[in-house]
Amino acid sequence: MGTSEHVPLPTDETKAKELESQHSEEPDRGQWTGKFDFLMSMVAYAVGLGNVWRFPYLCYKNGGGSFLVVYAIFFCLAAVPIFIMEVTIGQYLQKGAMEMWLMCPLFRGVGIGNVVIAFMCIAYFCVIVAWAMFYMISSISWVFPWETCNNYWNDATCVTGKENLTELTRIKALVASAGQHTQTSVEQFWEKRVLHDTGDISNFGGIQWELFFIMAAAWLIVYFALWKGITQARKFVYFCALFPYVLIFILLIRGLTLEGAADGIYFYLKPNTTRLLDTAVWKDAGTQVFYSYGVGFGALIALGSHNKFDHNCFKDAITMCFINGCTSITAGFAVFSILGYMSHIAQKDISEIVKPGVGLAFLAYPEVASNLPMKQVFAVLFFLMITILGLDSQVCMVEGLFTALEDAFPILRKHKKLSLGIFCLFFFILGIPMVSYSGSHWLTLVDAYGASGYALLFVVFFEVVGLAYGFGAHNIRHALKEMVGINLPVFIEYIWKFCAPATSLVLFVFCIVYYHPVQYPDRRDFPAWANAFGWFLSSCSMIVIPGYAVYYLLFTNNHLTFKERVRKGLNLDGSFESPAKKNLVRNAEELKFIESTPN
């Protein structure tokens, strides 16, 4: 890891001031001050919407207990090792996702890829927050607006599900004679009131102004949470990390006391061992692990870079990984106990009620909430939870991306409030098409291609390879020992070198083999041009990795031979040392000097 570089101590007051001036030229990047600040920030970042709406649905869809077995395998082989690797390297190098690759410059394209993926995700997260806030506000009503069919946005195809058999038969016959099909009042509220959906990604229609202004409010919250730096936003981080658990447990306790809850939980965890041989189960479990734990976005590296050099990041990372997994399982119990109640009172099979993705949050739950005792309270709590989970993940992702940019362009840190304001304004403008009348389809496209799946797995593969072979798996072990005194067993190096990259590569191949064009909710395929644009979004984060490597080898360090450039690019001489360690040594020497100076 190299030896510490001795910094000459000042011998007089003038030189001391000169040295202090040199050290203070670059603005302080900020450090966590509380014992649990880093852990809470990771909880706020990684525990998010995927835990509440994606994990429970995938678990139910893929064989319940069988899915949990596969999920646990990926948890051990990929999530935990990569999670530890990212926070360790962030703390040791004290750099964001881009500048940390100075220690292995041939892989700097990975840092750019991290930034591009975070860019895609940040662009739409506040739109989801706006949807949740819209529902939360709409829930403050004696009769929910999605309960009836007599609103201005409803049409003749609307049914509430509370009609008697004769009335329902009459409506269905009338609708069928017009060549249409019925829609529930919940579906029409979502499509015609919240989204003003045109049903076609190419037909923008106009701007949904209510979502526009709610999204603006969400971005203001993000800006003011970060304008002094995330390390100064302790109260916000702690609130966003802990309060959703209060809401989850309230919903869980209420759900478990409802009739039919046991049936819902049975459907959720019903073991189907034959699904263990289904490759789709392995693909879903693997991609959920990567998405849920937030690896590959650069945010964990950025959060770790704010740690003190000797902070026990290993303990926090392990704790966080188990918190995340337990949260997903607990949220599943809460959601499916309530869905079981709905199945019981509606006399429907639970498969007719549960819906994937956003449908679980914005279609299934509003329908369920309409039939809950004290419905207003539980609807507000549920959508408040979705809002907070979205906001805290967004804040941490913005911090990760902005930290990477600050490290690359230090002038941004000197003018943080202004540059962060321009940064947030830029992403707000970028989100405007997603609050148009076709906005939900644009969000689906960006999410499917740009921020998860193929692009994320590709970038994670090269990130793990770059760290395990460029920086060196043994050096990561030694860095952890140097910082916190923990000597991990040698087999962890083999997991970093072989298991973790192999896992991400196999999942990437699965995603390519089982590729299907993105579809509308009614199962129509998106137009070919939209899927082509989606692949362009994916390529933005993938092509920069080989692209930068080629640029580095052909156009930099021209005074070196090609072989020497390869050696330098891969850091084969292992000459990089943590700047945090240097600061620690310097501060210790200065303190020793001050203590030895006579009064």
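Placed from the backbone N, Cα and C atoms, the Cβ positions cover glycine too.
Among the features that TrEMBL reports, region 'Disordered' is placed at 1-29.
Under the heading compositional bias 'Basic and acidic residues', TrEMBL lists 12-29.
Look at TrEMBL and you will find 38-56 (among others) tagged as transmembrane segment. Residues 32, 87, 128, 230, 237-238, 240-242, 244, 248, 268, 288, 291-294, 299-300, 303-304, 306-307, 311, 313, 316-317, 319-320, 323-324, 327-329, 331-332, 335-336, 357-358, 360-361, 385-386, 389-390, 392-393, 395-397 of the same chain sit 6 or more residues outside the transmembrane segment (38-56) yet have a Cβ under 8 Å from a Cβ within it.
Under a cutoff of 8 A between CB atoms, and with a sequence separation of 6+ in the same chain, the neighbours of V47 (Na(+) binding site) are A241, P244, I323, N324, T327, L389. Summarising the annotation, TrEMBL assigns Na(+) binding site to A46, V47, N51, S292, N324, L389, D392, S393.
The annotation transmembrane segment is assigned in TrEMBL to 68-89 (among others).
Here TrEMBL flags 110-137 (among others) as transmembrane segment.
Residues or ranges marked as disulfide bond by TrEMBL: C149-C158. Sequence-distant contacts (6 or more apart, same chain, Cβ under 8 Å) of C158 (disulfide bond) comprise C149, T182, Q183, T184, S185, Q188.
Same-chain neighbours of the transmembrane segment (207-227): 126-127, 129-131, 133-134, 194-196, 233, 236, 391, 394-395, 398-399, 402, 416-417, 420-421, 424-425, 427-428, 431-432, 435-437, 439, counting only residues six or more beyond its ends whose CB sits under 8 Å from a CB of the stretch. What TrEMBL lists as transmembrane segment is 207-227 (among others).
Annotation source TrEMBL lists transmembrane segment at 236-269 (among others).
According to TrEMBL, the transmembrane segment annotation covers 289-305 (among others). When Cβ-Cβ distances below 8 Å are used as the criterion, the transmembrane segment (289-305) is approached by residues 29, 38, 41-42, 45-46, 48, 50-51, 54-55, 71, 74-75, 78-79, 82-83, 86-91, 93-98, 100, 111, 114-115, 117-118, 121, 230, 313, 321, 324, 328, 393, 396-397, 399-401, 403-404, 452, 456-457, 459-460, 463, 504, 507 of the same chain, each at least six residues removed from its ends.
Note on the transmembrane segment (317-342): residues 39, 42-43, 46-47, 50-53, 55-56, 59-60, 68, 71, 75, 79-80, 83-84, 87-88, 245, 248-249, 251-252, 254-256, 258-268, 292-293, 348, 350, 353-354, 360, 364-365, 367-368, 371-372 of its chain, located 6 or more positions outside it, place their CB under 8 angstroms from a CB of the stretch. The feature transmembrane segment is assigned by TrEMBL to 317-342 (among others).
Under the heading transmembrane segment, TrEMBL lists 377-398 (among others).
Feature annotation from TrEMBL assigns transmembrane segment to 418-439 (among others). Long-range contacts of the transmembrane segment (418-439) within the same chain: residues 122-124, 126-127, 130, 195-198, 200-208, 211-212, 215-216, 219, 222-223, 226-227, 398, 402, 405, 412, 446, each at least 6 residues beyond the stretch ends and with a Cβ under 8 Å from a Cβ of the stretch.
The annotation transmembrane segment is assigned in TrEMBL to 451-473 (among others). Among residues of the same chain six or more beyond the transmembrane segment (451-473), those with a C-beta under 8 A of the stretch's C-beta atoms are 82, 85, 89, 101, 103-104, 106-107, 109-110, 113-114, 116-117, 120-121, 124, 287, 290-291, 295-297, 492-493, 496-497, 500-501, 504-505, 507-508, 511-512, 537-538, 540-542, 545, 570-571, 574, 576.
As annotated by TrEMBL, transmembrane segment applies to 494-515 (among others).
Long-range Cβ contacts of the transmembrane segment (535-555) within its own chain (Cβ-Cβ under 8 Å, at least 6 residues beyond either end) map to 105-110, 112-113, 116-117, 120, 445-446, 449-450, 453-455, 458-459, 462, 562, 565-566, 569. TrEMBL lists 535-555 (among others) with the feature transmembrane segment.
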Those residues of the chain, 6+ apart, with a Cβ under 8 Å from that of S393 (Na(+) binding site):
A44, Y45, A46, G48, L49, F125, G294
Taking the centroid of the Cβ atoms of A46, V47, N51, S292, N324, L389, D392, S393 (Na(+) site), which other same-chain residues have Cβ within 8 Å of it?
V43, A44, Y45, G48, L49, G50, G294, T327
Close in space, distant in sequence - N51 (Na(+) binding site), Cβ under 8 Å, 6 or more apart:
S292, N324, T327, S328, A331, L389
Number of other Cβ atoms within 10 Å of the Cβ of D392 (Na(+) binding site) across all protein chains:
27
Other Cβ atoms within 10 Å is the metric here; tell me which of the recorded positions A46, C149 scores highest.
A46
Beyond the flanks of the transmembrane segment (236-269) by 6 or more, those residues with Cβ under 8 Å of it:
37, 40-41, 43-44, 47, 52, 56, 59-60, 64-65, 68, 225, 230, 327, 330-345, 350-351, 372, 378, 381-382, 384-385, 388-389, 391-392, 395
C-beta crowding around N324 (Na(+) binding site), within 10 angstroms:
24
Protein Cβ atoms within 10 Å of S292 (Na(+) binding site), excluding its own:
23
